[in-house]
Amino acid sequence: MSTDLVVSDLVAGYGDAQVLHGVSFTVREGEVCAILGPNGAGKTTLLRALSGMVKARGTITLGGAALTGRPPDAVARLGVAHVPEGRGTFMPLTVEENLRLGAYVRRGPSVEEDLERVHQYFPVLKKRLKQAAGSLSGGEQQMLALGRALMLRPRLLLLDEPSLGLAPLVTRELFRIVRTINEEERTTVVVVEQNAHLALGIAQQAHVLETGRIVLSGTAAQIQADEQVAQSYLGYRV
Amino acid sequence: MSTTKVQAKPVAVERRRRFDRRWAGLALLLAAAIYAPFQLVPFHVFQLTMVLVYAVALLGLNLLVGHAGQISLGHGAFFAVGAYAAAVLMDRWALPYPLTLPLAAAVAFVLGLALGVPAMRLRGLYLALVTLAIAIFLVPLLKRFEELTGGSMGLTLAKPQPPAWSGLAEDQWLYFLTLAIAVASFLLAASLLRSRVGRALHAVRDNETAAEVMGVRLSFYKTLAFAWSAMFAGAAGCVYTWVIGFVSPDSFTVNLSITLLAGLVVGGLGSLSGPVLGGLFVMFVPSISQDVNDAAPGVIFGLLIIAVMYVAPTGLAGLAGRLIKKIPRKE
């Protein structure tokens, strides 16, 4: 399996405040990579740098194509779908309009196919197509955000705290779907998550970020077994 | 689960029925609009014509403010540009009037594109201020280039005459011209908003960041929204010139821009009927209040805006929608 996403020496921040101080890692094609770490470690900034929302130095390549320095819309066109923290739902628009917006970079009959595909993953959305997205529950909105990202036909899916504000059962269902998507579509996934246990459950690789640097990397199993990580981030003792 | 399945069908039927009723309503409205000029005295026909002119201008403003979420206090300037473009073309180059419509719209479009550039970087109050400045400096500019614009005196033009085959009076002919242009503008805007482009505009309005990560180029759509809104304003301005037969700088002061924005908000932002209701408001409220007292129009206009915002925060269109829902239906 070839290497898909290569991040090296990534430096990013907001104005004078530098958040990431040289982050490097790779993700192989079709794999899920979990980014763990405490609040303020730079997890969200890392995803934003990947999708072009914050300016970054260093290099990011996806399947050999350079992403660094491109504006967000150009990065999206290269197949990077970012599900932002807080979901980025277009509240007044209907569920269907939200989904169609996800396929904004493409036109033609393939959009209808993808709608059908998203309906299969998320039957609940199909029932609510004509409903305003703002009237959905938190869990449904997160599913909408994920479905919308799928409409892009992404080769790289960036998920920022998908569990935020959701009931444990809903979260588990969501991660199950992410895993299915990853397995069926061979989409590479980078997931940032506070709920480390769930994230490690679907990931092959994991990195622990602390104050803008990667302090620990390994397979999901290794990270899960690491006592220090368990104590610091997983919220339970082994 | 099973209950939702059972309900699914009636919901679809209900939706189709609402859709049919909407088309029936529109057809009825159009029929009334066609019938009206044969029943009214010329002055009232003229007033209705002006309502349509304002409606087209507001339609453009609605694209920008209601659908793309930007703000413009300079919409009157594009209206003026369209009006003057038509006037100058007819006066200096003796162009036949139908040709002035696409040209005036095109001039306004290009100008809107140029002035849309600040919109890429500015938002909210800052954008409001820049667009306000455009409205302010237009009047002295028009007075300055006297040889082209006629200066403070303005330009007087012959109104388009009805062709003999139509058998219509001048006011009726102008009314039908305006009606046709208004209907075409509404169809154009409606199809624009239903398309992928319309969704992108809404996305920019509702959540810029999320729109951007989905591949929507913000700068492109913001500039385009300005250009389109200017284009509709320019077309409306051109028709204004045909209908009034006279343009002067003092018809297009800052006041016009503010009145247009107020009219749109009162009519209903982001709704398709909002511009028509706003046009009625802009046309009739000042002239009716004039009958009460010479000093009344400004006061009444202001009070009505405040009243409407209290009673119907979504504008008259929203209020009408709520009232229609209250009417009991016979099944």
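Backbone N, Cα and C define each Cβ position, glycine as well.
Listed by sequence, the residues of this chain that lie at least six past the ends of the transmembrane segment (B:21-38) yet keep a Cβ under 8 A from its Cβ atoms are 45, 48, 171-172, 175-176, 179, 183. Per TrEMBL, the feature transmembrane segment maps to B:21-38 (among others).
Proximity of distant same-chain residues to the transmembrane segment (B:44-65), defined by a Cβ-Cβ separation under 8 Å and at least 6 residues beyond the stretch ends, is recorded for 36-37, 71-72, 75, 78-79, 171-172, 174-175, 178-179, 181-182, 185-186, 189, 192-193, 201, 225-226, 228-233, 235-237, 239-240, 243, 260-261, 263-264, 267, 269-271, 274-276, 278-280, 282-284, 287. According to TrEMBL, the transmembrane segment annotation covers B:44-65 (among others).
Taken from TrEMBL, the feature transmembrane segment applies to B:72-90 (among others).
For B:96-117 (among others), the entry in TrEMBL reads transmembrane segment.
What TrEMBL records for B:124-142 (among others) is transmembrane segment. Here the transmembrane segment (B:124-142) has long-range neighbours at 70-77, 80-81, 84, 115, 118, 149, 151, 249-250, 252-254, 256-257, meaning same-chain residues at least 6 beyond its ends whose C-beta is under 8 angstroms from one of its own.
Long-range contacts of the transmembrane segment (B:173-193) within its own chain (CB-CB distance under 8 A, at least 6 residues past either end) are made by residues 30, 33-34, 37, 45-46, 48-49, 52-53, 55-56, 59, 62-63, 67, 101, 159-163, 166, 201, 228, 232, 235, 239, 242-243, 272. According to TrEMBL, the transmembrane segment annotation covers B:173-193 (among others).
Tertiary neighbourhood of the transmembrane segment (B:224-248): same-chain residues 46, 49-50, 52-54, 56-57, 59-61, 63-64, 67-68, 70, 72, 75-76, 78-87, 90, 97, 100-101, 104-113, 115-116, 119, 150, 152-160, 174, 177-178, 181, 185, 189, 192, 201, 204, selected by CB-CB distance under 8 Å and a gap of 6+ residues from either end. Feature annotation from TrEMBL assigns transmembrane segment to B:224-248 (among others).
Under the heading transmembrane segment, TrEMBL lists B:260-286 (among others).
Annotation comment: TrEMBL describes B:298-324 (among others) as transmembrane segment. For the transmembrane segment (B:298-324), the list of distant contacts is 259, 262, 265-269, 271-274, 277-278, 281, 285-286, 289, 292: same-chain residues at least six beyond its ends, Cβ to Cβ under 8 Å.
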